[in-house]
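**Q** One structure follows; several queries about it will come next.
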Amino acid sequence: AQGHGAKGDNIYEFQIEFLEPVEPNPVCRVTQRQLNITVQKKESNWWERLTKQEKRPLFLAPDFDRWLDESDAEMELKEKEEEKINKMKIESRVPKDPFKHLKKGYLVMYNLVQFLGFSWIFVNMTVRLFILGKGKSSALFSLHSFYDTFHTIADMMYFCQTLALMEIVNSLIGLVRSPLIPAVVQVFGRNFVLFVILGSLEEMQSKPVVFFIFYFWSIIELFRYPYYMLSCIGIEWKPLTWLRYTAWIPLYPLGGLSEAVAIVQSIPIFSETGKFSLGLPNPLNVTIQFSFLLQLYLIALFLGLFVNFRHLYKQRRQHLGPKKRKMK
């Protein structure tokens, strides 16, 4: 090498004859302070000394920061071997799932389909309410949007809420880690309102409360399903995470209140028509009125909302709460 020192420009060179064969191409790295040359042994074994000559060259000195004697080297190799064995043991305990990618693909597609369905509902209702109503008859059209919601949106809502039954199945078979009870409460609660309260009574289908029920349901799912879809492929978008665990605070109470209003409005209709009432064959001729069961269901509705609120609040603290610092 050529270098400039106290005595001007000089050519520097040295030769080392190693004890045993080494790889012919050493790795060189030049820094501002020094030149590092790494020479690899051809065979990984312990040398008695570095050079063939027994007496070490005067210019050669060991770096004691990196120095290892034979016992230290054996200990280091043993630790690495133990670490490798432990890692293999841990990996062997975790069963390999041959259907992992298939399950992930199914969950991505499920959440994508649900997101598209509820997006269609939300956009359709928003367009009908705010855009198509411009002009002289905007107030009249807005009122018509409220009364005509069920007949324009119901088919897609039927599809989405029927498909939502898979969330209970996914939780039952362990495909997702979400607890079973909140999923059952939400899916069966919504389907009861959709199929029994609204779907079975034509008188309820033209009421404005239908618009609010469908609107609040769709807004909630606009954040929930994309969040789960991205989570399946290991992507986290912080604004979406914040919306997923924050938007429910106003929307769930409003949605629950809308469902309760629909049930209260349906009670007189069920009482008058006697629909779904159950007559028992006994001497007293007792009939269990479905309207009475709906009054009991109102209590269960608010209990179910409390269960979901508690579950979502715990999730919000877990995902958005302050991170706990590890104690040293």
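Please read every residue number as a count from 1 along the shown chain.
Using the three backbone atoms N, Cα and C, a Cβ is placed for every residue, glycine included.
Feature table excerpt (TrEMBL):
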{"type": "DOMAIN", "residues": "1-51", "note": "domain 'CS'"}
{"type": "TRANSMEM", "residues": "106-131", "note": "transmembrane segment"}
{"type": "TRANSMEM", "residues": "151-173", "note": "transmembrane segment"}
{"type": "TRANSMEM", "residues": "180-198", "note": "transmembrane segment"}
{"type": "TRANSMEM", "residues": "210-230", "note": "transmembrane segment"}
{"type": "TRANSMEM", "residues": "251-270", "note": "transmembrane segment"}
{"type": "TRANSMEM", "residues": "290-309", "note": "transmembrane segment"}
**Q** Can you tell me which parts of the same chain pack against the transmembrane segment (151-173), counting only residues 6+ beyond its ends and a CB-CB cutoff under 8 A?
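**A** Distal contacts: 107, 110, 113-114, 117-118, 120-121, 124-125, 128, 179-180, 183-184, 187, 190-191, 194-195, 198-199, 205, 214, 217, 221.
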**Q** Can you say which of 106-131, 180-198, 251-270, 290-309 has the most Cβ pairs under 8 Å with the transmembrane segment (210-230)?
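**A** That would be 106-131.
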**Q** Would you mind listing the long-range same-chain contacts of the transmembrane segment (180-198), meaning Cβ under 8 Å and 6+ residues beyond its ends?
**A** 150, 154, 157-158, 161-162, 164-165, 167-168, 171-172, 204-205, 210, 213, 217, 259, 262-263, 266, 276, 297, 301, 304, 307-308, 311-312
**Q** What does the DSSP secondary structure composition of the domain 'CS' (1-51) look like, as residue counts for helix, strand and coil?
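**A** When I sort the residues of the domain 'CS' (1-51) into the three classes, I find 0 helix, 20 strand, 31 coil.
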**Q** Taking residues 6+ outside the transmembrane segment (251-270), which of them lie with a CB under 8 Å of any CB in it?
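**A** Counting only partners 6 or more residues beyond its ends, the transmembrane segment (251-270) has Cβ contacts under 8 Å with 189-190, 193, 197-198, 201, 203-204, 207, 209-210, 212-213, 216-217, 219-220, 276-277, 289-291, 294-295, 297-298, 301-302, 305, 308-309, 312.
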**Q** Any idea what the model's mean pLDDT is for the domain 'CS' (1-51)?
**A** 83
